[in-house]
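Working notes, structure below.
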Amino acid sequence: MRVQQIQMVLAVLALSGVVQVQGGVQEVHNVYELSGQIAHKARFSTDVAEDKYTPPEEMDPQFWYDLANEEINKRLALPKLDTKMAKNVIMFLGDGMPLTTVTAARILKGQRQGKTGEESSLSFEKFPHTGLSRTYCSNAQVPDSACTATAYLCGVKTNIINIGVSAAVNFNNCTASQDPANRLTSIAEWAQNAGKATGIVTTTTLTHASPSGAYAKTANRMWECDTDVTNYGVDASSCIDMATQLVTQTPGKNFDIMFGGGMGKFLPKTIQDSHGKAGERSDGVNLLSKWQSQHKGGVLVSNRKQLLSVNVSAVGNIIGLFQSQLMKFHIDADETYQPTLSELTEVTIKKLSQNENGYFAFIEGGLIDYGNHYTQAGYALDEALEFEKAIQLARDITDIEDTLIVVTADHGHAVSIAGYPGRGTDILGINRHDTDINGVQYSVLNYAAGPNQYLDENGQRIPLDGILGDVDSIAPSYIPKDQGVHSGEDVGIWASGPQSYLFTGVMQQSTIPHLMAYASCIGNGQKFCDKTA
């Protein structure tokens, strides 16, 4: 029966000009497939093909003319900020956030509001200037979060797995990573040298790859504590782990704010942390006690209540470690215990704003990446929506005249939206307007690689009804792997505030911190202030 079905489908396609038996370029656009009717024809149903939904107002061309005028007027009304310096810079990093995830999150946002979704916008999509970042690293066509962090925070591309050191350093080579000629400085250090306040915020761990780009210098992103260094066959007594670097070295020890997870990396195995788990360090060092001894007015917080109780005007530096390891997905977290990214952002800005010279803040939505690695698109999209809420809050509570906000991603993920689903199709569900060649409907979101291919005993795709739709559903993938993989396409950059016009066009990822430094007149490179002096 399946052979007969395939023959019938091919006949329909041939009539549409899709299949050509002669040589040459084959036509690929089939109106039956585009309209969603091929799905019904492939099932040999006598039912009338379901029409795709069109919002009534969009049937009138004037709707689009009015929308275009509205967008033109918004741009014309923007303040002319190319004559102003950025006193403050906030960099928001969506880890593992390809443009597909941005689009899908936009749709989910609208659908949660009862709309079809496609017409919605994320907060940062409303920023006036947009560009693309090229994410490859010195020895990698598709990067990781370590070499990319070195690019967008230190301004130099390096080898995959490296942080804060040049491409002259090979994996796990501690000696080369300690050579001063190979060690880099970050925009956080440039800001500190200019007398500005600094802070790092993440939903992963403080020693994870992305935030570590602001302070660490290492030949292995996994050297988060001394135990990790030893586990990779390196002498931890001579090779300083990242948690120790953060607490004892410049610029980490000078951060005014450090918020994230990963408390275990700072405590010895003999001590139970604030979350009821043993520390991970083998050297017996309590880095949190050391940090507190260095910051007499400093405060350590470990839950939401403690964080929101802090009077930022009455304390010095603040370190917040809200889980033993990674922070939990927003959906799974106890909202009374773990603060949201927006809450972390608000406290960070309030504290850093006390510095009259301005500040630099790095704020990461780090679990977008984990949702995509798990091929659980619902988690990735929800994290992206938490990310965009934090960005909206930041723009609302800062002055666009003196605060530059730059939003970008470190790398993409191999996820796609495909198959001509109709307007309003559940972004986490099944494409009801198309089928594969065997007449089986498929997911709206699909990953190139991942744990679930959803095949029967004969290797054929199975129907996904009852499998997809929940936020924790595992999306289908083509290549069997234990998890999803990064992708190598360019990622977006969105900017708002002084000198934001610089963040347009296609640029090397390593140019981003130099542009932020230019706008805020810090570092050793070109500066906006040089032009106005």
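Using N, Cα and C of the backbone, Cβ positions are placed for all residues, glycine too.
Please treat TrEMBL annotations as automatic predictions, because they have not gone through curation.
Feature annotation from TrEMBL assigns active site, phosphoserine intermediate to Ser145.
Of all the Cβ atoms in the protein chains shown, 28 others lie within 10 Å of the Cβ of Asp95 (Zn(2+) binding site). Annotated Zn(2+) binding site per TrEMBL: Asp95, Asp369, His373, Asp410, His411, His486, in sequence order.
Annotation comment: TrEMBL describes Asp95, His208, Ser210, Glu364 as Mg(2+) binding site.
Under the heading signal peptide, TrEMBL lists 1-23.
Cβ packing within 10 Å was compared across the binding-site residues His208, His373, and the lowest neighbour count falls to His373.
Listed in sequence order, Leu93, Asp95, Gly96, Thr135, Pro143, Ser145, Thr148, Ala149, Tyr152, Ser210, Val491, Gln509 are the same-chain residues at least 6 apart in sequence whose CB falls under 8 Å from the CB of Asp410 (Zn(2+) binding site). Taking CA atoms as the reference points, His486 (Zn(2+) binding site) and His208 (Mg(2+) binding site) are 17 Å apart.
His373 (Zn(2+) binding site) and Glu364 (Mg(2+) binding site) have their C-alpha atoms 17 Å apart, to the nearest angstrom. Note: the CA-CA distance between His208 (Mg(2+) binding site) and Asp369 (Zn(2+) binding site) rounds to 12 Å. Long-range C-beta contacts of His411 (Zn(2+) binding site), restricted to its own chain and to partners at least six residues apart, with a cutoff below 8 Å, comprise Gly96, Pro98, Thr135, Val142, Pro143, Asp144, Ser145, Thr148, His486, Ser487, Gly488, Val491.
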